[in-house]
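Feature list (source: TrEMBL):
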type	residues	note
BINDING	A:H34, A:H265, A:R357, A:S384, A:H461, A:D469, A:H473, A:R520	substrate binding site
SITE	A:H34	site 'Important for catalytic activity'
BINDING	A:H74, A:G123, A:P124, A:L125, A:G162, A:N191, A:H265, A:F437	thiamine diphosphate binding site
BINDING	A:D161, A:N191, A:I193	Mg(2+) binding site
SITE	A:H265	site 'Important for catalytic activity'
DOMAIN	A:354-525	domain 'Transketolase-like pyrimidine-binding'
ACT_SITE	A:E411	active site, proton donor
There are 2 protein chains.
Amino acid sequence: MSTDTTIADARVSSMANAIRALSMDAVQAANSGHPGMPMGMAEVATVLWGEYLKFDPSAPDWMDRDRFVLSAGHGSMLVYSLLHLSGYANPTMDEISRFRQLGSPCAGHPENFLLPGIEATTGPLGQGLAMAVGMALAERHLNANFGDDLVDHRTWVIAGDGCLMEGVNHEAIGLAGHLGLGRMTVFWDDNDITIDGPVNLSSSEDILLRYQAAKWHTVRCDGHDADSIRAAIDAAMADPRPSLIACKTVIGKGAPNKQGTSAVHGAALGADEVAAARKELGWTAEPFTVPDEILSDWRKTGERGKTAHAEWNERLENAPNRGDWEQHMMPVGDLASAAVERFITDLAKEPKTVASRKASEMVLGPLTEKLPSLVGGSADLTGSNNTKTKFTDPLTAENYGGRYVYYGIREFGMSCAMNGMALHGGVVPYGGTFLIFSDYARNAIRLAALQQTRVVFVLTHDSIGLGEDGPTHQPIEHVMSLRLIPNLNVFRPADIIETAECWALALETSDTPSVLALTRQNLPQLRGKGDENWSRLTNRSARGGYRLKSAEAERKVILMASGSEVHLATEAAKMLEADGIGADVLSMPCLDLFEQQDAAYKEELLPEVNPSEILRVSIEAGVTQGWERYTMARGLNIGIDRFGASGRAEELFERFGFTPEAVTAKIKAALAGN
Amino acid sequence: MSTDTTIADARVSSMANAIRALSMDAVQAANSGHPGMPMGMAEVATVLWGEYLKFDPSAPDWMDRDRFVLSAGHGSMLVYSLLHLSGYANPTMDEISRFRQLGSPCAGHPENFLLPGIEATTGPLGQGLAMAVGMALAERHLNANFGDDLVDHRTWVIAGDGCLMEGVNHEAIGLAGHLGLGRMTVFWDDNDITIDGPVNLSSSEDILLRYQAAKWHTVRCDGHDADSIRAAIDAAMADPRPSLIACKTVIGKGAPNKQGTSAVHGAALGADEVAAARKELGWTAEPFTVPDEILSDWRKTGERGKTAHAEWNERLENAPNRGDWEQHMMPVGDLASAAVERFITDLAKEPKTVASRKASEMVLGPLTEKLPSLVGGSADLTGSNNTKTKFTDPLTAENYGGRYVYYGIREFGMSCAMNGMALHGGVVPYGGTFLIFSDYARNAIRLAALQQTRVVFVLTHDSIGLGEDGPTHQPIEHVMSLRLIPNLNVFRPADIIETAECWALALETSDTPSVLALTRQNLPQLRGKGDENWSRLTNRSARGGYRLKSAEAERKVILMASGSEVHLATEAAKMLEADGIGADVLSMPCLDLFEQQDAAYKEELLPEVNPSEILRVSIEAGVTQGWERYTMARGLNIGIDRFGASGRAEELFERFGFTPEAVTAKIKAALAGN
C-alpha cells in the first residue's frame, strides 16, 4: 500500500508536528495530561494513519475498517489529534482545547462511548493490546464466514512499556501467537522511560525475544524516520505471524530540555518548554490552530478510506452471501428470547434437577444453534464451566470459522479478548472460568461495563457449594463485589428455568455485560409444572426479583435469596408455615435489575412496614454486607463473612448454617427479638 | 551437595512410588482431588527433598530453611506426602486418609495456616511462583544485612503449565530476572497436558526462550530419571541467574491406562485404575501404609537438615551481629505505635493540610527510620503513591541491602512478591499503586488475607478526587468491594492524623493485611490543636469509627463518612446546625474494625431509635451499597453508583453532589420525608 500513498518526508514532519503542537498545547491548557507519548510517536502515527490505515472518517462504524487501538491510553491526545486532523466530525478543535475538562469528549483517557473512532476505552495498561487480540480474532472469524470481499481488515496497536510489562500482555500475545493472528501489528513505543525513571530501573527483559517465543514476528525501526517506519510496517504485513514493531523513539520529542526523560511522561511541559518546543519544531501557529496546508495534507489521509469504503459498499451490494451477512449482523436479543422460550416450554413438561452450570450448557444448545454470532470459550475449564456445545467447533488457526475458543489458562486475557470481540462487532462472546478467578479478570469485567459491551462472563463454582477445593477456590465476597460494579448485571439463577431466563436477559442487553454465577452442585427446578404462576411467556427474572411463593399463614417473614439458596429459602418457608408463621419467598436472581424497578413493584414485594411486623431475611452463601439494602437494620442477613473450608459441599453448607433447620431457628430467634 | 547424599536409583523409585501411592489412595478415598501432578513429579520431588532441600522437620519455622512452594497447588497430595514421609509432626497418616474432608489439615489446596511446613497457600495459579520471588528477594535482602552465616538458603518451586500461562508469571519472572535472584529455582512440570487437553490446544509458546528473554537460566531434564534431575539441579545451582528446569514428565505416571492424559489431572483414578497402578508400580502395601524400609529412607532425608540447623544455631549463638538479628526479628507493632505517637504529637502543634498520600509519606519517614524491617516499593508510581522515604535506598541486584523495590508496572507481581516477603519473615513489606489497579492484584490481596500475612497495600488516588484521569482511573466500587474480603482491614483515613493512626494499626496487626486508601487531593487536618477530644495517646482510628463531633442543637442527624468525605460531613453538619438541626459526625476510617466493636460501643455511636427521630446519613465518594448496614432502610446513603468522568476534582465532586449544600439539601429532604 505504501508505494501509492507515500508522503514526502517534509510533509510527514509537518504533519507529525501538528500532533505534537496539539498535544502539548492541550495538555498545557488543561495543566494535566501526558504529552510524552504523542510527541514521541508522532511520526509513527502519521505514517500509519497517512499511508496504511484503512478508515473512513465519515463512517466510523464501517464494518471493514481497520481497527486502531491506543493501548497506551494515557497518550490520548495522540488519538484525539488523529481523529480531528484526519477529518472525523469529532473532536472539534474546541473540544480539543477543552481536553480533560468536564463535558469534553476528549477525556483524560480515550473512551469509546464518548467519541466515534475510539475503538476501545484504554488507560488500564495492557488491556488495549489484549482487546485488540479479540478484534483481530473477530476479523479472522468473520473473514472465514464471509470471505475477503466483505471482511479484510487489520488491527493496529500502539503500546508502551507499561502495556508490555503487565501480566495480561503475556496472556494476550500467547493467545495471538497461538492463533496466528497475522493481521495484528503492535507498535511498541520503545522510549526507555517509565514513570519512575529509565526502564532499566525495573526491567531487564529482551522483549523481542519474548515475543518471538510467543510466535510473533518482530522488527525494529527508528520511530522518527518515515522510511524506517514504512519498512517495518511492510515487513510486518508480509509476515504471516502477528508482528511487534519496536519503535525506538525519544519520549516528548520536540521539547528540547525535557525530551527523553520521565518528566515529559505525565505532566504539562510548562509555558517555557512549550515555547522552546515551538522554536525547536519551527511551529509558528497559534495554539489550537493548524496551518491550512498541513491540515489539507491530513484531510487527504481521510479521503483514501472513502474510496475503499465505497468499493466495499458495492461489493456488499452484489455479494451472493449478502443475506447471510445481514442476518448475522442482526440484533440477537429476539432470537435469544425465542430460543429460551421454547427451551422453557419443554421444561414445564419434564422438570430437571441439574446444576445451574449444566442448565447453562443445556440452554446454550439451542442458543448456539440459533445464534450464529455467539462465540464461546473457556479459560481451560471447558468441562467444568459447561461452555461448549455441539454447535460450536473449535476456533483455531486452521479453522477460524469455528466458534469455540480454547483460551488457555488466561482469565484476564480471555476477558479482554471478549471485550475486543464485542467492540469489533459481528460476534457475541461468552466465556467461562471459576467465579473465584473473576478476581484475575476483574478490571476487564469493569472495562466491559464501562465500555458498554455485551459480553457474557460464565462464572461457575459460585460458592462453598463447590466443596473440597477449599477456601482458595470458594467465592465469598465475589457475587456481591461484582454487583458493586456499575452497569454490570450479575445474575445468580436459582434453577434451570431462571438460568435460561438469565441467558435471555444477558443476550438481550446490548449495552451491558453480564455475569452468570452458576453452581457446581445440583439444584431442583423450582418453577414449571404445578406452579400456579407458571407462564412460559413471562421472563420472571427480568425484574431482578419476584415473589416465588406467597405466605400461607399470616405473613410474618419475607425470605429473599439468590441462586442455590432460593431452594433453601423455600424449605425454610415450609418449616415456618408448619409453625403458623407465614413466609413469602422472593427469588432475587439479579439485584442490579431489581434496583431498576419502580417503587410500586419494590413496595409490592417488600412492603414498608414496621420490621417488628414483618421480618426480612436475606439468604446467600456469601458476604451479608450489601443485603442490608433490602433487609433494613432489624432484618436478618444470613450469609458467610469468613473464608470457606475444604470439605464436601453438604458438610460445608451445614457447617456454615445453610440448612432449613438452622435458618428457621435463626428466624424464630429474630422474631422473638433475640 | 548431591555427591554426599545421592540416593541409589532403586531407592529413589520406591520413595517416589510412596508419593504416588499416598496420592492416588488419598484422592481415591476422597473421590476428589488431583492425582496427576504428584504422580508425575514424584521423582523430581524425591530427588529435591531427598538430596538438596535444606529443612528440619522438627523445626518448620527455622529461619534459614530452604523455602519450597508448590505453585501448582492442586497437586497438594505431593506436599502432604512429602511432609509426612520426611518426618514432620503433621500431617499424620490419619489426616492424609481424610484428605479434603472437613477438619483435616490436608485441605484441597495447601494452606499455610493449617500445616507448618506449607510455606504458602496455593491453588490460584501462578501466585505460588510469584510469592516465591518475594521469598527469594527477602532471603537476599536479609543475607545482605546479616551475612552468609545466618542467611544462606534457597527457594524452590514446582509449577505447572497453568502457573506459566497466567499473566502473573510474566510479571514475576521479569522481576526475578531483573533482580538476579539466582537462588530461586522453578521446576516446571512439563507434561504437555492441561485440563482441556493437550497444551497445544491453547499454547504454542517456547517457554524456555521466554524465560531466557527474562534473564533466566534454563535447563531441561527427564523428570523420571534421577541423574538427569540431579544434573539439572546442579546446573541451576551453579548458574548465577534464577533457573527454570523443564522437567519432561508423564502426568499421572504409574496409572497405566490413564497416564499422559487430562483424565488423571483432576479426578480420582477409580478403583480399577488404582489396582492397575499398584500392579504397574509393584506396590503391594495397603492404602495409607508405607513399608518400613521406604519410610526409613524418607525419614533419613529429614535428618540431614537437623545437623544443618544445629550448626546454624551455633553460628547464631556466636554471631557478632546476633543482637542486630534479634532486634530485626522483633515484632514491629510497638515500634510503629511509638513512632506514630511522636509524629502525631508534633501535628498537634502545627496542623497540616495535605493529601493523605502525602501524609502517608510523611509518617513513613519516621516509620522507615525506626523499623529496619520495613521494605517499601511501588508499581512504577513512586512519585504518585508517595511510598519512598530517604531511609529506603533502592533494593537492586547490586544492592540487596536496599529497602525500596522498583517493582515496575507489575501490580499483581508486586502484590504476590509482598505476600512472599511477609511469609518468608524478617521483612514487613508495603507497596503502592493506584486504588483502581487493586483490580489487577485483587486475588493476591485476597490471598494475603487468607494467608494471614502482614502486607500493607498503599492504594492512592482513591476516588473521583483524582480528577482528570477519568472513569478508567476513578475507583467507584473499590473501597467497598475490598471491605468485603474477609480478614482485610481497609483503611480510608480522613486527615494526616488518621493516616498516621491507620499506619500504626496496619503495622500492629500481624495476621491481617491492610489497605490504605489515600487521596490525591489535599485534606484539612480535622483533629489536633483546639480539639476538645485531642489526645495523642489514644489511637481513635483503632475502633474503626468514632464520634468526631457531637451535635450542638438537638440531635436529628448522624453523619458518617470516611476519608475525604469526613471533612465534607463536618461542613454539612455546620450548615445543619445553623438551621437548628443537631448533627453528630462519625469518622469511619475502617468499617472492618468498627464491625468488631462491642454492641455497647456501636449503640453509643449509632443509637437504635426510630429513624424518624434520628436520620443516619452515610457519605462516601463510592458505591452506597454496603453502607445500609449502618444507615438502615430509612437512612440516606450519599455516594456514587455510576462510573466517574474526566474533569477537575472540584468540578467532579460538585457534579456528583459532594458539596455541603447538596448534602444538606438531601438531608433536609429526607428529614421532611421526601
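Using the three backbone atoms N, Cα and C, a Cβ is placed for every residue, glycine included.
All TrEMBL annotations are machine predictions without curation.
The structure, with features from TrEMBL marked on it.
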residue	record	contacts (Cβ under 8 Å, 6+ apart)
A:H34	substrate binding site	A:V27, A:H74, A:G75, A:S76, A:M77, A:H265, A:G266
A:D161	Mg(2+) binding site	A:W188, A:D189, A:D190, A:N191, A:I193, A:T194, A:V199, A:S203
A:S384	substrate binding site	A:R357, A:S378, A:G432, A:F434, A:T460, A:H461, A:R520
A:E411	active site, proton donor	A:A379, A:T433, A:F437, A:S438, A:Y440, A:A441
A:H473	substrate binding site	A:F434, A:I436, A:H461, A:L466
Report, as a single number, how many Cβ atoms besides its own are within 10 Å of the Cβ of A:H461 (substrate binding site).
27
Near-B candidates in A:N191, A:I193, A:D469, the binding-site residues, by Cβ under 8 Å:
A:D469
Given the Mg(2+) site residues A:D161, A:N191, A:I193, which other residues of that chain have a Cβ within 8 Å of the mean position of their Cβ atoms, reported in sequence order?
A:G160, A:D189, A:D190, A:D192, A:T194, A:V199, A:I251, A:H265
On the three-state reduction of DSSP, what should I expect for A:H473 (substrate binding site)?
coil
Distance check, please: Cα of A:G123 (thiamine diphosphate binding site) against Cα of A:D469 (substrate binding site), rounded to an integer number of angstrom.
35
Would you mind ranking the binding-site residues A:H74, A:R357, A:R520 by how many other Cβ atoms sit within 10 Å of each Cβ and giving me the lowest?
A:R520
How many Å lie between the Cα of A:L125 (thiamine diphosphate binding site) and the Cα of A:D469 (substrate binding site)?
32
Maximal Cα-Cα distance (Å) across residues annotated as binding substrate, namely A:H34, A:H265, A:R357, A:S384, A:H461, A:D469, A:H473, A:R520:
48
Could you please provide the mean pLDDT value for the domain 'Transketolase-like pyrimidine-binding' (A:354-525)?
97
Secondary-structure category, per DSSP, in which A:S384 (substrate binding site) falls:
helix
About how far apart, in whole Å, are the alpha carbons (Cα) of A:G162 (thiamine diphosphate binding site) and A:D469 (substrate binding site)?
35
If I take the alpha carbons of A:P124 (thiamine diphosphate binding site) and A:D469 (substrate binding site), what is the distance between them in whole Å?
32
Non-local Cβ contacts of A:D469 (substrate binding site) (under 8 Å, 6 or more apart, same chain)?
A:H461, A:S646
C-beta crowding around A:N191 (thiamine diphosphate binding site), within 10 angstroms:
26
